[in-house]
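Copied over from Swiss-Prot, here are the features:
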DOMAIN    4-229  domain 'tr-type G'
BINDING   13-20, 90-94, 152-155  GTP binding site
REGION    13-20  region 'G1'
BINDING   Ser20  Mg(2+) binding site
REGION    69-73  region 'G2'
REGION    90-93  region 'G3'
REGION    152-155  region 'G4'
Amino acid sequence: MSQKPHLNLIVIGHVDHGKSTLIGRLLMDRGFIDEKTVKEAEEAAKKLGKDSEKYAFLMDRLKEERERGVTINLSFMRFETRKYFFTVIDAPGHRDFVKNMITGASQADAAILVVSAKKGEYEAGMSAEGQTREHIILSKTMGINQVIVAINKMDLADTPYDEKRFKEIVDTVSKFMKSFGFDMNKVKFVPVVAPDGDNVTHKSTKMPWYNGPTLEELLDQLEIPPKPVDKPLRIPIQEVYSISGVGVVPVGRIESGVLKVGDKIVFMPVGKIGEVRSIETHHTKIDKAEPGDNIGFNVRGVEKKDVKRGDVAGSVQNPPTVADEFTAQVIVIWHPTAVGVGYTPVLHVHTASIACRVSEITSRIDPKTGKEAEKNPQFIKAGDSAIVKFKPIKELVAEKFREFPALGRFAMRDMGKTVGVGVIIDVKPRKVEVK
């Protein structure tokens with residue numbers, strides 16, 4: 001593991017705008033893909049007569065390997081710049097990309113948004129159905145504020161390498177992002193040609209009008225978000241083991257606060273209190289754990305039957321909230337008909353998956369302005385954004401997104417698909433007896 005500070009990166013943008021090619025090029029230029037793999041990809045691309053596609057082939061090769069569960073050279077999805085160590089959380093084009101983006105085990109610290117400068121492609125991405133728009137909205141909803149917009153395929157603009165086309169795209173994308181509340185000081189634009197590596201890790205000679213930083217230099221300008229150590233402790237439980245001679249060992253990732261040996265903690269929704277006897281991360285004993293740490297911890301006073309995946313451990317003084325009902329801003333991504341009161345999808349919130357009933361649709365939101373477009377609509381359909389109240393069918397820990405982001409965002413699943421995504425604005429707590 002690198003000693004450099006670590007950032008999680010997500011790569012977003014419309015289909016075919018060159019996300020895979022860009023990441024492939026970046027990883028290769030930084031020496032994180034070996035020559036042999038590059039040669040194989042080059043040959044595969046030549047056979048199909050698509051020489052410029054070799055970097056995308058690299059990414060596809062990786063994806064196949066990942067989906068088959070074979071881990072070839074996983075440094076593939078990790079790379080270093082001069083300043084940082086990056087993990088690409090999710091490469092694009094993945095089936096569950098949107099769901100992963102929301103319930104992703106790790107919150108992305110920054111995004112690269114890839115936008116094609118090619119006529120027709122750019123416009124398709126920004127159309128009502130376009131993924132450029134959808135991914136911009138999702139990034140903001142998910143609390144990703146640092147974005148590098150890579151305007152790709154500059155060689156395929158009507159006038160190749162045209163500064164006017166670059167400025168036109170910067171202008172419209174900026175307006176759109178601004179309308180969703182992005183702080184434009186944290187959004188940077190760079191013109192690139194991914195297959196040739198122009199402005200990826202080296203300055204392009206073909207666009208002398210651009211004298212800003214390369215993509216790699218922009219990655220080094222990103223900021224590391226502060227760890228929420230001062231917030232109350234929250235650990236969504238992923239698994240629970242019972243180890244002979246040790247006892248009960250819940251496993252999870254600390255989302256906020258600090259856990260120390262000797263601490264008294266409470267598991268919700270059961271309301272069971274235990275004392276931390278030991279903490280381990282990657283088979284190493286530690287005395288305290290902080291946000292971002294994946295840990296196993298042994299607890300005295302708790303039995304295996306008391307704790308399960310989806311529960312949340314927290315501080316006794318400020319226990320995790322069990323929701324009687326909660327209000328969320330939801331975006332419907334897909335639904336064959338419409339969503340109305342009574343609809344009960346399964347909500348994936350942190351590590352929990354619980355059926356929740358729509359008890360009220362308060363308002364439909366105009367996605368362009370973020371303002372109310374209709375009060376108490378009867379139903380909402382794909383593409384709509386709305387304020388919705390949910391009633392969990394079983395006990396569920398849920399928090400406000402602005403207080404605990406990882407416990408306040410969710411994906412709605414039904415019929416094997418992601419129906420929508422949302423962030424929790426308000427929670428009506430249920431009283432739980434702590435024992």
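Positions of Cβ are set from backbone N, Cα and C atoms, glycine also.
Locations of recorded Swiss-Prot features on the structure.
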residue : record              : Cβ neighbours (10 Å)
Gly13   : GTP binding site    : 25
Asp16   : GTP binding site    : 17
Lys19   : GTP binding site    : 25
Ser20   : Mg(2+) binding site : 24
Met154  : GTP binding site    : 27
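Sequence-distant contacts of the region 'G4' (152-155) (same chain, at least 6 residues past either end, Cβ-Cβ under 8 Å): 17-18, 21-22, 114-118, 121, 161-162, 165-166, 191-194, 196, 198, 206-207. Annotated pair Met154 (GTP binding site) and Ser20 (Mg(2+) binding site), C-alpha to C-alpha distance, rounded: 16 Å. DSSP assignment over the region 'G4' (152-155) gives 2 helix, 1 strand, 1 coil.
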